[in-house]
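Worksheet: the structure to be examined is printed underneath.
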């Protein structure tokens, strides 16, 4: 019976910190299988408008005071619609309480069906499956739902991306063991369209070394390689920032400004180790949220990166002093700040859950509805320990898709202000020569606008920072065909003519990398760009003065004012 008690809070909650899927799979308190909880919540939500009407008309909540509206909705769903009925012993008090009303509930469901013009329950089910959301797939069973990507009609399904953790193993070893029975295909399109049957297929990515794409239906979170940290579930686009940043110069340290849950952090560590620099420098991973820092530390340990990564729990990157001697060895910085999360698959797909009301509530209020995002099945994710691929976006994001135009514009302005502030702060580390910036957003306000504003800032000019051009990028990133929006770059430059001579909108846009969601490329919506400069001797006094002047560039609210999240949902 714990299944219903555990599922009910997800119907009651207005929490929007990540997708429904990620919140369920990241829960540390579930005794039931996360896939079962997920399937039950989704199906009950789809049927909630009709079942709430049925429950209210039978006055079950008035008669069974031990039942909450969410529990009643879940129990009635399984009583009337699930093939196996209620998943509880026949003598369990809650099952007894709801089952004794079965005849009346069934009669009310029939009335509701006929009122809507459906001749049979099968016809009504078909209508619910097709009309409750734009999801193309119906739920066949709990386990298959848990590993299938739910995607809008007309869009491509999302593959299951796997990054081989080269700190513990090699691509060859994993292909010879974990993926020994998989057939290789030449493209993502072929992977997603090949008739699979019982055969398993994979595609070796052409852009990021050690990255493998599997069928959307592959369930990898239970295999030994995943549990042992040999493979990490991480979206392809999420691998771009660390790969674009590249390994630091020998002996140099890296800073990860917003590190949790740790996919990008451990990717940086793997790249550092691959290039033989693991023993000569450290990665300092800042995470100001101490609870998220625990997830980060767990992932670092599982990935075998404890000798490379130093987790700075509770550390706000913006409160680091760039001229503090402990940061003199920092040569590269990864910035993956809080963002709107608009690129996360499924983030703009929502279902409304209607909870039944007791009689007193009905007389005083209209039926309550809460927005529930359509499950995004992509691996960002977790069972009772950090799932290193199911969590897109413990990353934090804020959902602005359902706000008014004015609210969205205000939120985007606050987010972009914070994001620019983060970049300008990174510019002030005196010995850093390379910075990567990324978001899981599709909005130019958080992407090209931020990048271009950073480039033309006085801080960038005085410190010698410029965009890392496409022809300077590592081969896989230079080859990626979707680039930035030139028009968005021109908007910023035209607003302040003469701010910085020599900044070319076409060059900046070409240097930016974009990923689109729902395409045959198999990525989330994502953006990444990098800055570079030649290292030079910089006195502490000069940096300190520049740091002070830079504060005025973004007149500024405190960094805590914005409401966003970074890298959270979807294997980011």
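Even glycines carry a Cβ here, placed using N, Cα and C.
TrEMBL entries are annotated by machine, without manual review.
On a predicted model such as this, the values are computed, not experimentally measured, just so you know.
Annotation comment: TrEMBL describes 150-534 as domain 'SAM-dependent MTase RsmB/NOP-type'.
Mapped onto three states, the DSSP output places residue 260 (S-adenosyl-L-methionine binding site) in coil. In the shown protein chains, 32 other C-beta atoms lie within 10 A of the C-beta of residue 260 (S-adenosyl-L-methionine binding site). If you look up TrEMBL, you'll see 258, 259, 260, 261, 262, 263, 264, 287, 336 marked as S-adenosyl-L-methionine binding site.
Residues or ranges marked as region 'Disordered' in TrEMBL: 362-405 (among others).
Classification of residue 440 (active site, nucleophile) by DSSP places it in coil, neither helical nor stranded. If you look up TrEMBL, you'll see 440 marked as active site, nucleophile.
Annotation comment: TrEMBL describes 538-572 (among others) as region 'Disordered'.
There are 27 other Cβ atoms within 10 Å of the Cβ belonging to residue 336 (S-adenosyl-L-methionine binding site). Comparing Cβ neighbour counts within 10 Å across the recorded positions 258, 440, the minimum falls on 258. Cα of residue 440 (active site, nucleophile) to Cα of residue 258 (S-adenosyl-L-methionine binding site): a distance of 13 Å. In the predicted model, the domain 'SAM-dependent MTase RsmB/NOP-type' (150-534) has a mean pLDDT of 85.
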